[in-house]
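Feature list (source: TrEMBL):
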| type | residues | note |
| --- | --- | --- |
| REPEAT | 52-86 | repeat 'HEAT' |
| REPEAT | 169-207 | repeat 'HEAT' |
| REPEAT | 256-291 | repeat 'HEAT' |
| REPEAT | 296-334 | repeat 'HEAT' |
| REPEAT | 336-374 | repeat 'HEAT' |
| REPEAT | 375-413 | repeat 'HEAT' |
| REPEAT | 414-452 | repeat 'HEAT' |
| REPEAT | 533-571 | repeat 'HEAT' |
| REPEAT | 578-609 | repeat 'HEAT' |
Amino acid sequence: MGSEISPEDDIYPLALLMDELKHVDVINRVEAMQRIDTVAEALGPERCRDELIPFLLEVAQDDEDEVFAILADQLGKFTQYVGGPEHLTILIQPLEVLASAEDTVVREKAVMSLNNIAQELSEEQLFNAFIPLIQNLSTADWFSAKVSACGLFKSVLVRIKDDSIRSNMLSMYLQLIEDETPMVRRSASKNLPSIIDLFAQNQSLPTPEDWKSISTMFQKIMDDDQDSVKFLAVDCLISILKYFNKNKDYSNANDLLESTKKLITDESWRVRYMIADKFEEVASQFSNDEAYINSLVEPFIGLCEDNEADIRKAIAKQLPGFVSLLNNPTVVLEKIFPIIRSLSMDDNEATRASLALTITNIADVLDRQQTTDNLIPVLLDMLKDEFPEVRLNIIGNLKAVYDVVGVQLLSESLLPAITELANDMNWRVRLAIIKYIPILAEQLGEEFFDKQLRELCLSWLWDTVYSIRNAAINNIKRLTEIFGDKWCQEEIISKLLKFDTQLLENFVYRFTLLSALTTLIPVVSQKITAEDILPFINHLANDSVPNIRFNIAKSYAAVAESFSKDLNTYQDTIKNTIIPALKNLNEDEDIDVKYFASQSLEKSQSILQ
């Protein structure tokens, strides 16, 4: 873009930007700031460094947050405009100012840009400019600068080969963990897992002294008096466990197990919620020792019985994962199933719905008899739950149970629940069950579907609510994609075309039937379209209702498009049947019919060319 500006004009870009950034309207200033890359390119690297960056440094100290946010984001992409990586340190000063801003969005964008820049800095630039930046922010008087500093350590720690310097940096980070301001401690705690993960990727780097510092940080977070800080210990715990497991170092496993139990029984519900929400991930880190996993059974049960409904809801989702880790059917049947039964009858409907999402996966660790005797009775009760979401979640996740117990036993309990949901007074519940039918079809197979569910799917086509009818049409299309067009012809189209003449007098019936058959055109063969669907379309071509006629016009276009895939066979049909019918509709007195007929006619004629 700079090449389009002539030499005599190159004095204007910066002056123009300065004028626009002094505009009284903040929207104009934001738009101007969004174009600073264009200005930088027009100025060239040298003038960008000497004139634009100093000007932007001034702007960074005196404008609105909206302008600051754009500037912070743009500066992270300025490498080419300042002349390459060797000149990147010139961007650090304005970004340091922005990283100290009060607005959270501005700070986050500034930190992101600084981290991007850090990846391109040489080791010398890192030590001479970036590490001093972190030190300045970490020791600033105002909390906002310290919050930003916490997000920058990850860009330098693994690049520091000198153990003493890295140790000093970790000591600085520990001071942020211990800061008197909760917001700083929260930011430091939130960023600690990413530092640990980087050490896991560079296992030869951290020394025992480094891990001593990290261990101290973790304990400080665990003991913090602020819930908003303490609950972040869960993510730190997971990262620490992953590090040691990757290193096959289990010497600290017992201490970390005790830390896990301490978090599970913490008096703060936020902390308990966090560990409940990530219980499987935490527990899986102890899977190398069966005794450790077994020792988590009672704490797990404690979370399932927690007084807080949100915690019970979170832990309910973790059941299958934890059960699979136990790998002990006896423990599952004797200790876990009583809790499952309790959760399935929980007073909180959201907890029951959460359990319903995953409970069927427990069948994976049980044999057929155990599933029949223990899991099926719970599912039967949940299929009778008064809360529709519970029933829908069970129905939508039955494959694991089907694989174990087979279709007959499942169908005996499943069908009554589906039928009840299909006839629910609330149309949204009926709509939800329709969306689950293709999932069931894939899980249970064609034979079961034809015997038990096909008639139900066809009945939805005549529901009083349009959204249900429309969903039923799309449902049939999806089923055709699953079972094939031969199935569709025999089990769906043939049934639809056995219409009662009196029913066809009803506009809604005709319209729904036309919509259903037209929707099926892309998923059935040209032969089925020609033999079964096209004759019905022709039958309605002169319908008395304009809405039907213009939909007929659209249907003809869909047929022509399908026939275009086999023109050798169906060219004459397009020419002698579809085009004459569309020409006739194009002369219709209704303007909408004429419009759609002309569109379809043009499309059909273009297929023959």
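The backbone N, Cα and C atoms fix where each Cβ goes, and this holds for glycine too.
On a predicted model such as this, the values are computed, not experimentally measured, just so you know.
With a threshold of 8 Å between CB atoms, the same-chain residues lying at least 6 positions outside the repeat 'HEAT' (296-334) that come near it are 257, 260-261, 264-265, 269, 272-273, 275-277, 279-280, 283-284, 286-287, 290, 340, 342-343, 346-348, 350-351, 354-355, 357-359, 361-362, 364-367, 370, 374. Residue counts of the repeat 'HEAT' (578-609) by helix, strand and coil are 26 helix, 0 strand, 6 coil (DSSP-based). The DSSP breakdown of the repeat 'HEAT' (414-452) into helical (H, G, I), extended (E, B) and coil residues amounts to 34 helix, 0 strand, 5 coil.
For the repeat 'HEAT' (533-571), residue counts in helix, strand and coil come to 33 helix, 0 strand, 6 coil, using DSSP.
Taken as a whole, the repeat 'HEAT' (375-413) shows an average pLDDT of 78 in this prediction. Remote same-chain residues near the repeat 'HEAT' (169-207) are listed as 131, 134-135, 138, 143, 146-147, 149-151, 153-154, 156-158, 160-161, 163, 213-214, 216-218, 220-221, 224, 226, 228-229, 232-233, 235-236, 238-240, 242-243, 246-247 (criterion: CB distance under 8 Å, separation of at least six residues from the stretch ends). In the repeat 'HEAT' (52-86), helix, strand and coil residues by DSSP number 21 helix, 0 strand, 14 coil. Counting only same-chain residues 6+ beyond the ends of the repeat 'HEAT' (52-86), those with a CB under 8 A from a CB of the stretch are 14, 17-18, 21, 26, 29-30, 33-34, 36-37, 39-41, 43, 45-46, 93-95, 97-98, 101, 103, 105-106, 109-110, 112-114, 116-117, 120-122, 125. For the repeat 'HEAT' (169-207), DSSP puts the residue distribution at 29 helix, 0 strand, 10 coil.
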